Amino acid sequence: MAALLPPPKRQKIYHGITEPEPEPQAPTPSIVVQFVSEDDGRPLAPAVSLPANVSREGLEALVNKLGSQEDSVPFSFYVKLSENKNAPSGAPTQIVISKSLQADVLDHPTADITTEDVITVHCSPQSVFRVRPATRCSSTLSGHTSPILCASFSPTGNLLATGSGDTNARLWNLNTETPSHVLSGHKGWVLCVEWEATERKLATGGHDGHVRLWNPQTGESIGDALKGHSKWVTSLAWEPIHINPASPRIASSSKDGTVRVWSTLTRRSEYTLGGHSASVNIVRWGGSGGPKGVLYTASSDRTVRIWDAENGQPLHTLKEHAHWVTTLTLNTDFVLRTGPFDHTGKRPVSNDEAQKLAKERFDKVLANTPELLISGSDDHTLFLWSIFPSSSSKASTKPISRLTGHQRQISHVAFSPDGRWAASASWDNSVRIWEGRTGKFIATLRGHVGAVYRLAWSADGRMLISASKDSTLKIWDLKTYKIKVDLPGHTDEVYCVDFVADKVVSGGRDRTVKIWKH
């Protein structure tokens, strides 16, 4: 049977009135653009004259052609807005170019940039791989009989560890999305789980004041608990793999006001840090500042302290906060946590190779910036610190900047994997984005109707996910600063979230672990 053609389109009839003339298209203006590096502001090429409607892809091709890169590098572009005292609080301070300079910058309602100006476009190199946003719940796993308090993917993303108020930690296989092992041994709530960066061990800290080490392959406890704290363990941090690949030590902070560093070989406490006068809420093991790195600790005594990780000597005390300091993040957190593993999935065959790969990844993050620290507090503010600016200059205990704008306590802060951005979550229901090197405010992400508890970045740094008291997770697009995907499904508050590859995991008060996929 012959295919039928659709009927011809009906002509528009102008009853006795002459057909209006088609509107002439406005000519595209020419603009002068100066491409500069986001890292140091140096021009990448001489200023060029372009039609204003060149697409974002066209700009990317042009920068790659003008630059000295051998391979094509993906870029994101943004234009900074001039400081406007009358701008509403929380308004973005820069425009990300997603379509073209004409559509995004010249036609922007708040922008005072015209075709007469030389438009400075900041070029930010992006990761060569792209993470897909999770859009659906692929598994809802039950097993815990109390709220899930912490969750963490292993460095390769093959395993997941969760800790709960039922005194157990659990391991889950992410390839099959099934339970793997139950880790029982704690006599109180499991408050923190932390993976060693080569995935050989898992550490858990509990309300019973004990730290336990586990073999993730068998689910067996490695020896007895590490006992010494007189109150519950608040956080754990492993020694970086590029410093000690064979048998990294582990640091535990506690409500008893001390931090203990344990040897995983002798299973004894090597030394105790006892300078804080109140609960130590978080500990981080930084990779620079000394031969064995340094320990950063934040406490309810309103201070952040820095210690030499080799022998526990106190180095600096940071006293700017006016209330409890509850959260810390380093711009090297992601590479320290994932050690030798990157997006290629290659596994090191020896400790030496693991150390070499981890060192390369660590040095790459610190190529243009020193190790930076952001501390968040119940005084509603954050501080950005650069304690060890470079090998030649003297250590600085003055903050680079004070990050203000949140209306209530800060619950979590996290650097993006490349350290270019930082995000903070607060009890004021909002998430704020900051420049990672200057602390400059970028944008406020609004959408939650309850306190935001936790944040996690995608490995490519293009997306951010937040977990909230309102029982939802939200994935945010950092091009538009708007919600990319809303993930409802939990029936109660969501306490923990983690993001690896294109999988997201979440857990909370409803006692279920949810795995979200594209």
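Quick reminder: no glycine exception, Cβ is built from N, Cα and C everywhere.
Predicted automatically and left uncurated, TrEMBL annotations should be read as such.
Feature region 'Disordered', per TrEMBL, maps to range 1-28 of the set 1-28, 113-140, 141-168, 253-280. When Cβ-Cβ distances below 8 Å are used as the criterion, the repeat 'WD' (445-480) is approached by residues 76, 90, 96, 98, 126-127, 129-131, 133-134, 334, 343, 408, 411-418, 420-421, 423-433, 486-488, 490-501, 504, 506, 508, 510, 516 of the same chain, each at least six residues removed from its ends. With pairs at least 6 apart in sequence, the repeat 'WD' (183-224) and the repeat 'WD' (487-518) have fewer than 3 Cβ pairs within the 8 Å limit; the two do not touch. Cβ atoms under 8 Å from those of the repeat 'WD' (403-444) belong to residues 38, 89-90, 92-94, 124, 127, 323, 326-335, 365, 369, 372, 374-378, 380-384, 450-457, 459-461, 464, 466, 468, 470, 476, 478, 481 of the same chain, restricted to positions at least 6 beyond its ends. Counting residues 6+ beyond its ends, the repeat 'WD' (183-224) has Cβ neighbours under 8 Å at 146, 149-156, 158-159, 161-165, 167-171, 230-238, 240-241, 245, 248, 250, 252, 254, 256, 262, 264, 267, 336-341, 348, 354, 358 in the same chain.
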